[in-house]
Each structure stands twice: as C-alpha cells, then as structure tokens.
Amino acid sequence: MSVPTAAKRITTRQLRMRTPDEPIVALTAYTAPIAGLLDAHCDLLLVGDSLGMVIYGMETTLPVTVDMMIQHGRAVMRGSQRACVAVDMPFGSYQEDERQAYRNAARIMAETGASCVKLEGGAEMASTVAFLVERGIPVMGHVGLKPQSVHGHGGFRTVGRGAEAEQVMADAQAIAAAGAFTVVIEGTLEPVARAITEALPVPTIGIGASPACGGQILVSDDVLGLFSDFTPRFVKRYAQLGPIIEQAAAAYASEVRARTFPAPEHCTGMPAPDGRPA
C-alpha cells in the first residue's frame with residue numbers, strides 16, 4: 001500500500017533560476033484558509049508586513065512586530081503545501097546591524113518553517129543581505145517604494161524620477177550582488193523597473209512596476225476586493241468579495257431577528273414539523 005506524499009515546495013533556488021518566459025506568480029497571504037486557497041496557483045506566498053494595515057487596521061506597516069510575523073507565518077505554512085513561503089522582516093528588526101538582522105531572521109525561519117525572509121532597503125542593506133545569505137538564510141530584496149520608509153519618502157508615492165532612477169538601479173544591483181535570490185520592485189516608474197529587470201542577474205518581482213518584471217505580486221485582499229479603504233492605481237481586482245460578505249451578514253442578521261434561523265434542520269433533537277425527532 002502506497003502512502004501519499006506531501007507536495008514538494010517550490011524552492012528559492014528554483015525561483016532564482018526562473019526565466020522570463022515563466023513569470024513568478026506571487027500573492028500575499030496572512031491566514032491558513034487563504035493560504036490554502038491560493039497555494040495551488042502561486043509560486044510564492046508572501047507573509048507581508050502589510051498585514052498591519054490589511055488585517056489589523058494600522059495606518060502604516062511600522063507598528064508590526066516580529067511576533068506578529070511569526071504567528072501569521074506559522075498559519076500560512078500550515079495552510080499551504082506547494083508554494084515557497086517568504087516572511088517579511090518588520091520595521092526595526094534588521095536595520096540596527098547585521099547581528100540584529102540575523103537573530104530576528106533566524107528566529108523567523110526557525111519558528112515558522114518558511115523558506116526565506118524579505119527585507120526592504122538598497123545599497124545600505126547590502127552587507128546585511130550578504131551576512132544573512134552567508135549564514136544560510138535566503139533573502140528577497142525590496143527596492144523602489146519602501147513602505148517601512150514611508151515617512152522618509154514623503155508618503156506613498158511613485159519613485160524613479162530624475163536622479164532617483166539611478167539610485168533605485170544602484171540599490172537593486174547592490175542587493176542582487178549581495179546574494180538576494182530575487183528583488184521586489186515596488187511603486188517605480190515603468191521604464192526604470194524595466195531597465196532594472198534587464199540589468200539584474202536574478203528575477204525581479206513587480207508591484208506597481210513593469211510587466212517586464214520577472215514576476216508580479218499583489219496584496220491578496222486587493223485582488224479579492226476585500227480591502228476597499230485605499231486602492232492603488234496598480235491594483236486589479238479579480239473579484240468583489242466585500243459586497244458578497246456584506247450580503248451574507250445581512251441575510252444572517254435578518255433571519256436571526258425573524259427567528260427563522262436556526263431552523264429544525266440546524267438543531268439536534270428538535271422535533272420536525274411532523275412531530276418526529278430530527
């Protein structure tokens with residue numbers, strides 16, 4: 001009798017070797033049920049620090065903690081079997097120095113079982129990326145618009161104009177040279193993101209960047225139409241689940257108030273209309 005084997009996860013090495021004719025499909029995931037639904041369709045699931053805004057209603061990602069990332073990372077790992085799972089390193093968990101970054105990254109990897117971590121930053125973070133990679137922790141880079149630096153950016157705005165274009169390019173090249181297996185490019189002018197993609201030896205993953213990127217990522221709640229407070233231009237909604245959820249809640253509330261739910265078929269031992277026990 002054969003015993004079914006669990007699906008093998010996509011590895012960071014496999015993602016690094018992806019060619020332009022096989023784009024990387026990535027979405028964020030924060031919970032086990034959503035991870036389970038997305039798993040078969042995604043190469044990469046990112047447990048993003050965007051959960052602070054999407055799940056917890058925070059105004060920015062800055063208050064997110066390592067403990068929060070670990071709890072959601074565990075949930076996504078339990079809910080998925082196939083996709084490579086990356087966990088964001090939150091603000092303040094890696095910027096101090098390489099050793100702080102290693103302690104927190106190692107803890108995230110050990111306690112979640114995820115395949116890699118993602119951190120924001122450019123050339124100033126290259127030594128940190130190298131430090132982690134040399135110690136066996138795969139790293140995704142993140143350049144362009146960096147949400148953890150939202151105050152320094154002057155808000156959530158597209159980057160890559162004028163001298164910024166050269167800086168974003170230099171940042172991406174430094175992170176790739178340091179050993180990142182892929183680099184996320186966020187909120188960057190399309191020609192700049194395209195040029196970076198063509199210049200790097202590793203795949204890029206775009207979000208509000210360019211169709212030329214080696215892959216694309218979006219926040220799953222945006223894709224599903226669940227998060228309506230703010231919709232960036234680069235978001236495409238593939239479903240509108242928000243109104244469906246509201247309709248279901250309204251129908252439930254109506255039946256409870258009308259005392260039509262629960263009905264006999266939803267109860268145990270309650271006589272049916274014909275008098276027989278249910």
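Placed from the backbone N, Cα and C atoms, the Cβ positions cover glycine too.
Swiss-Prot lists Asp49, Asp88, Glu120 with the feature Mg(2+) binding site, giving sequence analysis as the kind of evidence. All protein chains considered, the CB of Asp88 (Mg(2+) binding site) has 28 other CB atoms within 10 Å.
For Asp49, Ser50, Asp88, Lys118, the entry in Swiss-Prot reads 3-methyl-2-oxobutanoate binding site. For Lys118 (3-methyl-2-oxobutanoate binding site), the same-chain residues 6+ apart in sequence whose C-beta sits under 8 angstroms from its C-beta are Leu46, Gly48, Ala86, Val87, Asp88, Met89, Val139, Met140, Gly141, His142, Val184.
The feature active site, proton acceptor is assigned by Swiss-Prot to Glu186, with sequence analysis given as support. With a cut-off of 8 Å between CB atoms and residues at least 6 apart in sequence, the same chain places His142, Val143, Gly144, Leu145, Lys146, Pro147, Gly206, Ile207, Gly208, Ala209 near Glu186 (active site, proton acceptor), listed in sequence order.
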*What number of additional C-beta atoms lies within 10 angstroms of the C-beta atom of Glu120 (Mg(2+) binding site)?*
26
_Below 8 Å Cβ to Cβ and six or more residues apart, same chain only. Which residues does that give for Ser50 (3-methyl-2-oxobutanoate binding site)?_
Thr28, Thr61, Asp88, Pro147, Val219
*Across all the protein chains here, work out how many other Cβ atoms are within 10 Å of the Cβ of Asp49 (Mg(2+) binding site).*
29
*Taking the mean position of the Cβ atoms of Asp49, Ser50, Asp88, Lys118 as the 3-methyl-2-oxobutanoate site, which residues outside that list, in the same chain, have a Cβ no more than 8 Å away, listed in sequence order?*
Thr28, Leu46, Val47, Gly48, Leu51, Thr61, Val64, Met69, Val87, Met89, Pro90, Pro147
